[in-house]
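Participant: What Swiss-Prot records for 13-95 is domain 'KRAB'. Annotation source Swiss-Prot lists region 'Required for nuclear localization' at 1-167, citing experimental evidence. Residues or ranges marked as zinc finger in Swiss-Prot (evidence: sequence analysis): 183-205, 211-233, 243-265, 299-321, 327-349, 355-377, 383-405, 411-433, 439-461, 467-489, 495-517, 551-573 (among others).
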Amino acid sequence: MADSSVNLSQGLLTFRDVTVDFSQEEWECLDSAQRALYIEVMLENYSNLVYVENYCICDTVCQHVKTEKESCNELGEMLHEPSNCALYNRSDTTEASNNYRCCKDQDASLDSSNPDRLKSTHTGKERCESKDCAKSSSLCSSIAQDQRTNSTNKEQRQEKYDDHFISTHSLMQQAIYIGENPHQCMKYGKCFSSASSLGVQQRTDTGNKPYKCNICDKSFTECSSLKEHRKTHQRLRAGTNPYKCNDCGKSFSYLSALQSHHKRHTGEKRYKCKECGKSYAYRTGLKRHQKIHTAEECYSCQYCGKVFHQLSHFKSHFTLHTGEKPYKCNECHRSFPHYVFFRRHKKNHSLQKSHKCKECGKSFFILSHLKTHYRIHTGEKPYKCTKCDKLFTQYSHLRRHQRIYTGKKLYRCEVCDKWFTLSSSLSRHQKIHTEAKTYKCKDCDIFFNHYSSLRRHQKVHTGERHYTCKQCGKSFTRGSTLRVHQRIHTGEKPYKCSECDKSFTQASQLRTHQRVHTGEKPYVCKECGKSLTTCAILRAHQKIHTGEKPYKCMECDRSYIQYSHLKRHQKVHTGEKHKIVNNVT
């Protein structure tokens with residue numbers, strides 16, 4: 001026991017060193033469950049610090065816990081029991097954190113078997129020394145007053161607490177030595193050594209996230225995760241992301257985030273499902289997938305067949321097909337289909353655009369967004385399609401492009417049942433049903449739903465063609481049309497039919513061709529009920545009913561419904577038809 005007194009004088013780790021203090025305002029923000037959890041964790045921290053030969057008289061701690069209990073009546077009598085006191089704060093006798101102290105004997109050990117020493121300790125002769133706050137002084141004064149009036153009763157109760165403390169500590173040490181995990185999860189049967197660890201696991205299972213970030217509203221199951229998350233906001237504001245990707249220049253706050261991001265460039269998928277052999281780049285993706293094989297209850301999307309194991313995820317996914325955007329920003333009235341996107345957007349109103357592009361002057365909230373934007377000026381495209389070798393500035397653009405090959409159309413119009421590969425395409429299409437054609441061409445009086453469509457159309461009248469082919473000198477109004485045209489010179493046909501191996505230069509040509517195999521004819525004439533494979537053929541067919549013949553021969557004034565018919569007719573005047581006949585004969 002002599003060694004114990006020496007260790008005390010040298011200032012061992014005290015409960016104050018590992019405790020977490022709440023201000024009055026913070027304490028009032030916690031609900032009853034969080035307060036109860038706080039007390040439970042503090043009790044557990046203390047029990048891990050305690051040694052049998054080094055503990056303070058328990059009445060001081062009991063009074064402190066009682067004060068905490070009075071500040072939150074909803075906790076009931078859980079802290080008033082002496083059994084809880086035996087596991088709570090011990091000395092707190094370090095010089096720097098002396099909030100309350102009822103013993104100042106540095107030369108003698110605190111031996112509970114010595115009643116005289118215990119008695120002198122609780123006479124109140126030694127005054128409490130408070131260096132932190134008035135609350136601690138008040139607490140010590142109350143303790144000293146209570147000790148003077150009830151010293152005899154406390155001496156008797158102390159013997160009872162000693163016996164309980166020794167037995168409890170022995171059981172605790174025994175559990176540590178034999179590796180016992182007394183706290184069992186009723187759902188999965190997994191055991192934990194502490195109640196706090198069990199609580200974290202239960203919150204993970206139920207999805208309860210009591211720790212919320214006051215900047216972005218993101219929630220966490222553990223306080224430590226919240227603290228780590230707050231550091232990301234500090235780094236974003238300071239613009240300090242030490243880990244940089246060599247391929248695209250994007251920076252990250254953590255090395256693990258950089259390693260995870262690097263898989264996008266390498267295409268590495270190291271996590272493989274043992275059941276079906278499907279591989280994933282991330283462990284979270286594999287875990288999510290494995291629920292398909294193990295889960296009893298699941299929700300399947302009737303449109304795309306995707307399976308979900310949580311109803312909230314299924315409902316969130318379903319808005320992709322319906323185009324519903326329930327989350328609306330009150331400041332700019334912009335709507336979002338998912339709460340995650342909405343929460344990310346709200347940051348734009350609270351932050352300042354401190355990152356400015358030197359080339360065009362455009363400003364951004366986040367440094368990574370500026371770096372992504374800067375690729376427009378440098379021409380850097382780090383993301384490459386493995387099918388057609390096309391390059392992209394952003395990974396999201398690559399994923400969107402890859403849907404061309406998979407034929408996946410996630411977004412469905414509920415009015416006309418038309419499907420789209422992009423959410424933006426669906427939104428643009430839906431305006432056909434909801435909005436009038438307000439944009440009118442001054443030259444030909446044609447109306448359009450979108451201003452961009454009107455501007456594109458006006459180039460027909462102005463003859464504006466900014467995009468010129470270097471091979472043949474042909475010009476085009478759109479860059480995408482030029483890229484498709486250039487495949488004529490290169491012979492590239494990236495879109496291949498899986499049925500007959502026929503290849504095409506455009507995705508639309510492939511889709512039209514595939515209707516030959518499926519027999520699909522989605523375009524129906526309202527006049528005669530005839531079904532046709534393409535919209536262009538339908539428009540040409542409808543001219544039969546209207547009598548419209550817009551294509552006129554300049555030689556003989558004869559008119560035709562289709563331009564191909566006019567070209568065929570013009571060969572009569574040029575003599576091309578006779579030449580072909582003569583060559584055949």
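Residue numbers in this text run from 1 along the chain shown.
Cβ from N, Cα, C; glycine included.
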Participant: Report yes or no: does the zinc finger (355-377) come within contact of the zinc finger (243-265), defined as 3 or more CB pairs under 8 Å with a sequence separation of 6 or more?
Facilitator: yes
Participant: Going along the chain, which residues at least six beyond the ends of the zinc finger (411-433) come within the CB cut-off of under 8 Å?
Facilitator: 303, 320-323, 337, 400, 403-404, 449-450
Participant: Any chance you could find the range in 299-321, 327-349, 383-405, 467-489, 495-517 with the most Cβ pairs under 8 Å to the zinc finger (439-461)?
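Facilitator: Per the Cβ under 8 Å count, 467-489.
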